[in-house]
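These come from Swiss-Prot:
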- 199-259: domain 'KH' (DOMAIN)
- 325-418: domain 'HD' (DOMAIN)
- 5-25: transmembrane segment (TRANSMEM)
Amino acid sequence: MNDDIIILLSVFCGIFFICFIICSSIALYLWKSKSRKRLVEQYTKEAKQAKKQILANGYKEISEAKMLFLKRSELEKNELDRVKEQLELRSNDLKRNQEIVESKSQRLDASLLDLEKRKFLLDKKEEYLIKVLEDASSLTKSQAKELLIKQVKNKSEKELISILKNAELQAHSNSKMIANNIIISAMERIKVELTSQRTTNIVKLPSDDLKGRIIGKDGRNMKAFKQIGGVDIVIDETPNTVVVSSFNPIRREIATRTLEQLIIDGRIQPVKIENELKKQEQELEYIIQETGLSTIKELNINDIDIELVKLIGKLKFRTSYGQNVLAHSIEVAKLSGAIASELGLDVEKAIRAGLLHDIGKAIDFEKQGSHVVLGAEIAKKYNEDPIVINCIESHHEDKEKESEIAAIVAIADSISASRPGARYNAIDEFILRMTEIEKIGNSIPGVAKTYALQSGRQIRLIVDPLVASDLDLAMILEKMKEEIKNKVIIPGEITITVIRERKETDVLK
């Protein structure tokens, strides 16, 4: 009995559990169905709202596009109306002009008819008068015409000869006046400093006490300047002053700069002098280049070889008849440019030719040949314009002038050279004499350098110790004496000194 009850309870519990599971599943299903329904409703609601928003935005964009289209259409319509109105105005103007032209044409036609009638009447009257004249003069028309032409011709020839003579005199007077005006106008526009070259430089001293140090023990410092620098150091009673003397302006400038630097440094001795001379020589090369660059910049000259620029700078240290060649060349360049401007010619080419016309003087003391020939060679070497080359070749009438610019440069050169005080022949002759002495010395075998000092009355021959021995010094001295007697005229006594010095330098580490 108890077992049956247990079995029944077990069966009942199983059935209850199954029913519970089924009910739970049904409840869960119903709950999920409701949740899904709510989600569907929510998504549907959001989709409807999005649809409404999209439609609203679409309507708004369509409305804006429509408004924009209407405004654009209205503007285009207004523009078309304006163009149409302008075309109508132009059309009306053309119609009025056409009417005016037609009216003028009608008046011209009427005038032509009237002129033809008058011409016909005049021809008739002319025939009548000719007939009357022929009857009165017993000459035909052709005979009277020939007589009249002959009389007029004779009278015209006399008047023409008189007119031509007067015109020739007037043209000659005007051409001379115009030429003078051109040159005067060019000279008025040019301002160039007058520079006369000296053969000495003055060095100011802080005190006279330095003179003894400059002289050195037994005069060795002054000897060093003579032997190495090729200049004379002149010390006299003038207070606080030392004079550097040399006909060669480049050597004089190097020595002056050297002495000034040594005075600042305070150490004045032969070795220091030699080193400083070499240093100042290098610095002067830089100054020469800078001078050339500043010159072409001043004259606004472009596209020029740097080596040619250096030669231009070198002219600063060259003189001709006492006139500084660079200053003279700049003056000729400016005068040439001004005259070319007055005549309507190429100003830049005239300035360039004027500057380079004496470029041969930058090397004529180093090479054989006239400055004209050397200058033309330099210009050809650096590919200058043929007109510029001809200006160099013809400014002293060595060659025929091939252009107006060549004539202008020659005129400007003459103006610059002929100014009062521009040139001094005595100085140039002195420099030529000194140059000739140095050339003679340098031509002797074994001589490395020659220095002409004190107007040529002292000559220093520096011998190359590797080429000439002590035994050769007497022979070199005799050779120099003989050459000087035959080729150079110098009044008074001449002292010739031959110096052979050899130095050995080594560095001990």
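Cβ atoms are placed via backbone N, Cα and C, with glycine included.
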Is it possible to list how many residues within the domain 'KH' (199-259) are helical, extended or coil according to DSSP?
30 helix, 13 strand, 18 coil
Note the mean pLDDT of the domain 'KH' (199-259), expressed as a whole number.
83
DSSP-assigned states of the domain 'HD' (325-418) in counts, ordered helix, strand, coil:
68 helix, 0 strand, 26 coil
